[in-house]
Structures are given as C-alpha cells and as structure tokens.
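Engineer: Okay, these came from TrEMBL:
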- 2-145: domain 'SPX' (DOMAIN)
- 249-267: transmembrane segment (TRANSMEM)
- 273-302: transmembrane segment (TRANSMEM)
- 314-331: transmembrane segment (TRANSMEM)
- 337-355: transmembrane segment (TRANSMEM)
- 376-398: transmembrane segment (TRANSMEM)
- 410-428: transmembrane segment (TRANSMEM)
- 511-537: transmembrane segment (TRANSMEM)
- 543-565: transmembrane segment (TRANSMEM)
Amino acid sequence: MVAFGKKLKERQIEEWQEYYINYKLMKKKVKQYANQIETGVLDHRNVLKDFSRMLDNQIEKIVLFLLEQQGMLASRIAELNEQRDTLQDHPDISKITELREAYREVGRDLLKLLFFVEMNAIGFRKILKKFDKRFGYKFTDYYVKTRANHPYSQLQQVFKHVGLGAVVGAISRNLSDLQERQGSYLSIYDQPALPLQDPVVDSLKSAVDRLTHSTNLLNFLGQHALIMQEELPTAEEHADDQRYHFMSLLLNLANTFLYMINTYIIVPTADDYAMSLGAAATVCGIIIGSMAVAQIFSSVYFSAWSNKSYFRPLVFSSVVLFLGNIMYALAYDLNSISVLLIGRLFCGFGSARAVNRRYISDCVPLKIRMQASAGFVSASALGMACGPALAGLLQTKFKIYKITFNQETLPGWVMSIAWLIYLIWLWISFREPALETEVNYAPQESKAEGNDKLEKGLVQPLLLTAAENQQDIVEDQELDESEEAPEESCRPANSIGSAYRLLTPSVKVQLLIYFMLKYAMEILLSESSVITTYYFSWSTSTVSIFLACLGLTVLPVNIVVGSYVSNMFEDR
C-alpha cells in the first residue's frame, strides 16, 4: 500500500490544496511529541491538549470551506430551478437538454466535493489511529465522543456530511423530473425503487455510500480476512453492482465453510486411522499437514485462474475435493497409507480460498463488502469448529458390500457427499461475473479534463499535480514506512517467487511471525488426539468436543486482540 500522505498529495484537487488536512504536518508532530515526551520537555497532558487543538483547527478549516462550497452549489441549483420553472410553461427540447447538462455539471462538482470530504475523513481516521498506536492511548474514542455529540460539533460535517445529502437529493430529483418518462407524471418519491438511469447520479450514490461507510466490528473482520479495501476513490463502484450476484457470493462462502470442515474433520481420528493402516500414531501429523502443503501450490494457480474465471476454478475445486475424500475413505479397505496421503493432497490441491477472497474483493459492491468479508471470516471460524464436532458424531461402524464405514472413513464419505451436493448447487446457481478490462499499471500523466473522468467512472485520479519534490517523498516514506510498498505490488502474482519478491522486509517479518503462530497451532491440533489419548485416556468424542470448543474461541480472541490489545501496544 502506498503511503497515505503521498496518495493524498497526488489526488488533491489543485485549486483546493490549502483546504485539505495537513496530514504530513500532523505525522511530524506525532513523531515530535514522542521525542519530547522521552526527553521530558512535554508531559502527556500537554501533548493531548496541543494535538486536540491542532485537530480542531484542521477540522474547522475543512468545514468552513465545505460550507462555502455547499452554498455555491445550492445557489447554482436555485438558479437552474428558476430556468426549469420557466421551461415548464414554455417547453423547449434544446433548452431542456442544456438544463439537464447544467444539472449534471453541478453533480460533477458535487462529486469532487464528496471526494474532498472522503479523503479528509480518511486522513483524520489514519492520524488518530497513528496517534493511538504511538502513545498507547484511547485518544480516538475520547476525541470523537467529545466532539461528535457537542451541540457546536464541526466533526459531524466531516464524518456525517451534514447537508451534502440534501444537495445530492436536489440534483437527483431535478434530473429525474427532466428525464423523459413517456407521459408519466410520477416523481422519484412516488416510485422510490425505480432507478434513475444517469451516470452522474450513479456516481453520486456510490460516493455517498463510500463516505457513510464506518469502521466497526465488520471492518475488523474484513481486515482479518485479508481482503484489502481501497480507501481512496479509484474506480466506478456501480460496475460492481452489475457483477454482484447474491447466490454466487453465498456459494463462495459455502465453499470456504466446507473446506474448513474438510480440513479439521479428520483431526480427532487421524491417529487411529494411521494405526489401522500399520503406521505410527504420530503419522497423523503428516496426514493432517499434507493438505496444507498442497494448498501452497493451489493458492498460486487458483489466483492466476481467477483472472479469467470464477466458476471454472470452483468447479475444479469441488471435483478434486470430491475425489480426494473418496480416496481418503477407500484407503482403509485398500490398506494403503499412500492412497490416504494422496487423497489428502488432492484435498489441498482443491483449496479455492484465494478465489473466494478475490470474488469478494472484485465482485461485491463496496457498501456490503465488509459484511461479505465478515461472512468469510465467520464461515472459516465456524467450519474450523464444526469439523471436529462433526467427527465426534460419526461414531458408528458398518459395512456395505466390501466397503467399511467407521469413525475413520466416515469423514471422507460425508465430505465427498457434501462436495457432490455443493457441485450440483454450484452448477445450477452460480453466475459468472463479467470480466473487467485489463488494468494498465503504467504511470498516467496529469490531465485537466477532471470532469470528464468523473462522469466516465473515476478511473483516473482527480486532477493530478506535478511530480513531487524528491526530498518530500523520502521524508514521507520515513514517516510512514509501515504503509509503504512498491507500486509493482499492484500487479498480480502468478508464482510463489513473484509473490515473494513483491513483499517488503517488514511484511516478510510479519509473515514469518504468522507462520510460527500457525506452526504452533497446527502442532496443537494435529497431536491433540495422540497426547490426550496417551496421557488422559480421552475418547474420540471428548477430543472432538475439546477441538470444537477451541475452534469457537478463535473469532472472539481475535476480536479482543485486534480491537483492544493492539491499541494498547505498538505493533513491534
């Protein structure tokens, strides 16, 4: 992710530069406060007081400019309304067309103002978060609570965009009234469900949805799902509405849920299965881990495949998982540990979690993307708990012809049936989204035609400024090193090597820590049945209950750590 300070500077509207949040100055002040506290020049109370005053001044500057611009837009709409009233008595097609274009022009200017407010709101959230992380305070909670509920609050103008909704409504209503309705005299208030087919109105709605998007529990879950969300306006959001299909999203979440069940359903019985095939009980670690090893490779080719299709990778995943579970179940009667391991490798090769994540990132509209991301994390955590719990219920033994069904083989048979049902559901209900045009990652030159870009979908940054001074860029990188990454990180990675080269040193360290955490967790899960049976004489059902309870704690613990503990200590 490119540093926010640099992105903010690039995407500022040139004539409004002096009214934006001075993000770079405030970052320097945060660093300066830290040094002054260490040397004893300032105490914590003076730092909080000084920083609060600085934020108040920044907000007041933005709000006064915002009110001025709202007033100008309101005056322009009032003048256009007078022309509209005149045309109602003496209709003139050419003048009506000109009037509609004039309303659209106001809408484009309003869109610029909405983006102005959005970038400033993002800047405030980021600087408050940076302050909290540096000093370990709950300053954000204090500041927002005291300012937002005050009768003279200016913060509401930034975060709740008071008044802008009325301007959006005025433009939408007047464009709707001027639209040809084939003799209908109904207004937008009579038919609220009827969409207004106008690109400016669609862009305004998308901008308002993005602006009202708030950080809450769903935001945390979305970040935990590693589904990154672009905070600054980049692309036309209503295109996602055309690609979005609820049943397809549900199928992606179901795929995630079933895959996590498939991963952990064998954990309570893997040691017994290994012993029944003549191997040591500790081989269960290899049986369980082989699926994760295969997933390393599947994540790469599924990521590359999702550039062209979502449906075909999901079908392939379901077929491979179906075959893998069949092989896992048949290994008992074939008395072959090799067939067992190959079956688990097949299950790992069928991991489509990369496709599930990408579908949410690419095809789900921004206004519900966090809910979908939260659903992804919840489905994963629930599947992790349901897998062992389901294994605990499969305590039976019988034969059909020469095929044995017992607690070791039933997980394979149950999951193969589940994936077969899922495959049929996928084939009937999934809708392949329209492919996006290929993104050009080359740097783009500055252009003055900002309004045309706004109407065409906001693919390009708004009125890009000239190249920044190199020293400023270096300073900004030093102040925000944790947010910095090469621009080439935007390109898709089609191999493990290319993905590794895109990582910054700090990200590599974090991934190493993540690897060690997963390593410790998998050791606990994989050997839990062996250890508890040897030392405590636990039955398979007891181990299943233990692992299910352990899985249910994953999400609550992550929420506590991510929402509270991480605000008390630095990332380091």
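Placed from the backbone N, Cα and C atoms, the Cβ positions cover glycine too.
Note: TrEMBL annotation is automatic and uncurated.
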Engineer: Can you work out whether the transmembrane segment (543-565) touches the transmembrane segment (376-398), with the criterion being 3+ CB pairs under 8 Å where the paired residues are 6 or more apart along the chain?
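Structural biologist: Result for the transmembrane segment (543-565) with the transmembrane segment (376-398) is yes.
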Engineer: Looking only at residues six or more beyond either end of the transmembrane segment (314-331), which have a C-beta under 8 A from one in the stretch?
Structural biologist: 251-252, 255, 258-259, 262, 266, 273, 277, 302, 337, 339-340, 342-352, 355, 403, 409-413, 415-416, 419-420, 422-423, 426-427, 430
Engineer: On the 0 to 100 scale, where does the mean pLDDT of the domain 'SPX' (2-145) fall?
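Structural biologist: Across the residues of the domain 'SPX' (2-145) the model's pLDDT averages 82 on the 0 to 100 scale.
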Engineer: What else in the chain is close to the transmembrane segment (273-302), if you only count residues 6 or more beyond its ends and a Cβ gap under 8 Å?
Structural biologist: 262-263, 266-267, 313, 317, 331-332, 335-337, 340-341, 344-355, 408-409, 493-496, 499, 522-523, 525-527, 529-530
Engineer: Is the transmembrane segment (410-428) packed against any residues at least 6 beyond its ends, judged by a Cβ distance under 8 Å, and which are they?
Structural biologist: 251, 254-255, 258, 261-262, 265-266, 269, 311, 314-315, 318-319, 321-322, 325-330, 343, 390-391, 394, 396
Engineer: For the transmembrane segment (249-267), which stretch among 337-355, 376-398, 511-537 has the most Cβ pairs under 8 A?
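Structural biologist: The listed stretch sharing the most Cβ pairs with the transmembrane segment (249-267) is 376-398.
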Engineer: How about long-range neighbours of the transmembrane segment (511-537): same chain, 6 or more residues beyond its ends, C-beta under 8 Å?
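Structural biologist: Long-range Cβ neighbours of the transmembrane segment (511-537): 264, 267-272, 281-282, 284-285, 288-289, 292, 503, 543, 546-547, 550.
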Engineer: Could you count the residues of the domain 'SPX' (2-145) that DSSP puts in helix, in strand and in coil?
Structural biologist: 127 helix, 0 strand, 17 coil
Engineer: Give residue numbers and ranges for long-range contacts of the transmembrane segment (376-398): same chain, 6 or more residues beyond its ends, CB-CB under 8 A.
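Structural biologist: Long-range Cβ neighbours of the transmembrane segment (376-398): 221-222, 224-225, 227, 252-254, 256-269, 356-357, 360, 404-407, 410-411, 414, 540-541, 543-552, 554-555.
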